């Protein structure tokens with residue numbers, strides 16, 4: 001293998017690497033042993049605490065699946081509402097009219113600068129004071145509101161970047177054959193930009209799925225993470241086991257989304273048909289100002 | 001309209017936010033750089049470890065990590081991080097959680113920076129007889145860091161916003177204050193405006209300032 005940083009290794013480098021490997025293995029083993037020891041000392045490795053997850057499906061059907069459903073529901077709702085909103089905002093930012101462009105820019109920059117949690121708390125209070133949404137539904141509404149406000153502005157930037165990445169000739173040629181500005185956007189620019197934005201949009205989904213957990217911890221939204229606390233009180237304080245299971249599920253979902261986004265990005269970059277540059281996973285992270293995800297490059 | 005502000009320590013809450021941000025930023029910069037070093041290094045075991053760490057940690061919600069630090073590490077395993085006061089414990093555990101999470105992104109940002117360094121630079125460095133540590137420390141990392149200022153800025157902004165998640169374990173920062181104020185005062189818009197303004201003051205100048213810095217220090221090629 002070749003790398004920026006090192007050559008193919010000769011006999012001395014190989015010997016040194018074996019030494020490093022051994023040293024690192026010792027450190028790693030020491031850490032693993034320390035973790036194992038402290039878990040064992042506190043009785044966290046007893047079979048009874050792990051049994052609900054490793055044998056039988058009751059824990060999954062009673063706690064994890066309903067929680068997971070809520071997580072996915074909130075994420076899906078947020079995505080479905082935020083996408084068109086983001087598209088409108090993104091296109092408005094490119095408008096020729098200052099009275100459209102400036103407010104859209106202000107909205108996008110404002111909501112990108114504010115933590116999702118703050119937006120969620122705002123939503124929670126908004127629904128309880130000014131609407132008659134029942135108190136059971138309020139957390140879901142608040143979580144989705146927070147996620148939509150934040151992610152719509154991020155998606156707006158992705159849409160804008162996607163359209164700006166198209167070659168100028170596309171716009172000029174469309175205008176030259178007599179299309180109106182709306183038609184140029186709708187018929188020529190957007191359809192091309194959508195494909196190039198796909199990897200960025202998929203990677204933004206990971207951020208949404210992760211952020212639903214904030215609602216679970218602070219707004220009593222019954223999603224996957226909050227089912228961990230319910231479970232651990234039911235199964236006899238198996239905090240470590242419950243959190244491990246929940247974390248594994250989150251990793252499984254998000255890792256497959258991340259990998260899919262990277263795969264999509266690689267595929268689009270290789271394909272010569274598309275005109276614009278691909279808005280990839282890294283670009284999405286940069287735009288979101290959320291170190292979202294990172295693609296293998 | 002804003003006279004409720006006298007009753008609350010708004011600046012104090014935002015000071016906690018700033019402290020959380022700065023401490024976690026320093027911690028994750030150190031740990032993230034180490035991870036990046038391992039991730040691009042010639043030792044397969046270290047590379048595998050760093051890759052696994054990054055891929056696992058960045059896909060777990062920060063909330064899970066921070067709650068685990070409190071419920072798992074503190075309550076179950078008795079890790080107190082050298083303090084017997086609950087407030088200090090929560091604060092330190094939150095910083096620990098933020099470091100664990102953010103360093104995965106720091107590692108990726110620095111690795112992206114390393115990828116911008118032309119292969120010729122490292123080849124020239126090896127040609128004059130520098131070894132891996134010297135190539136990394138003297139030639140590649142200084143250039144990589146300068147290229148990584150912008151991605152690192154994004155990580156820092158994200159970190160600033162992420163500190164609100166510490167509210168989940170009761171660290172008295174801005175989001176907790178917002179919740180308390182909303183419970184006591186019937187002034188939704190004014191309170192939200194104050195908190196939102198505070199975060200805009202923290203995140204927007206960071207982005208602008210470091211955006212300029214990144215343009216200034218970037219290696220012109």
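Note: Cβ is positioned from N, Cα and C throughout, glycine not excepted.
Note that TrEMBL annotation is computational and uncurated.
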Problem set entry | Matching range for TrEMBL feature annotation, transmembrane segment, among A:240-264, A:265-289 | A:240-264
For this session: From the ranges A:187-209, A:210-232, pick the one that TrEMBL records as transmembrane segment.
Result: A:187-209
For this session: Report, as numbers and ranges, every residue of the chain located at least six residues beyond the transmembrane segment (A:74-94) whose Cβ falls under 8 Å of a Cβ in that stretch; write 'none' if there are none.
Result: 100-101, 103-105, 107-108, 140, 143-144, 147-148, 151-160, 163-164, 185, 190, 201, 205, 208-209, 212, 215, 221, 223
Exercise. Can you name the far-off residues of the same chain, 6+ from the ends of the transmembrane segment (A:106-128), with a Cβ under 8 Å from a Cβ of it?
Worked result: 89, 93, 135, 138-139, 141-143, 145-147, 149-150, 152-154, 156-157, 211, 214-215, 218-219, 288-289
Exercise. So which residues does the transmembrane segment (A:187-209) touch in its own chain, when a touch means Cβ under 8 Å and the partner is 6 or more beyond its ends?
Worked result: 71-72, 75, 78-79, 83, 87, 91, 147, 151, 154-155, 158-159, 161-163, 165-166, 170-171, 174, 179, 250, 253-254, 257-258, 260-262, 264-265, 268, 274-281, 283-285, 287-288, 290, 292-293, 295
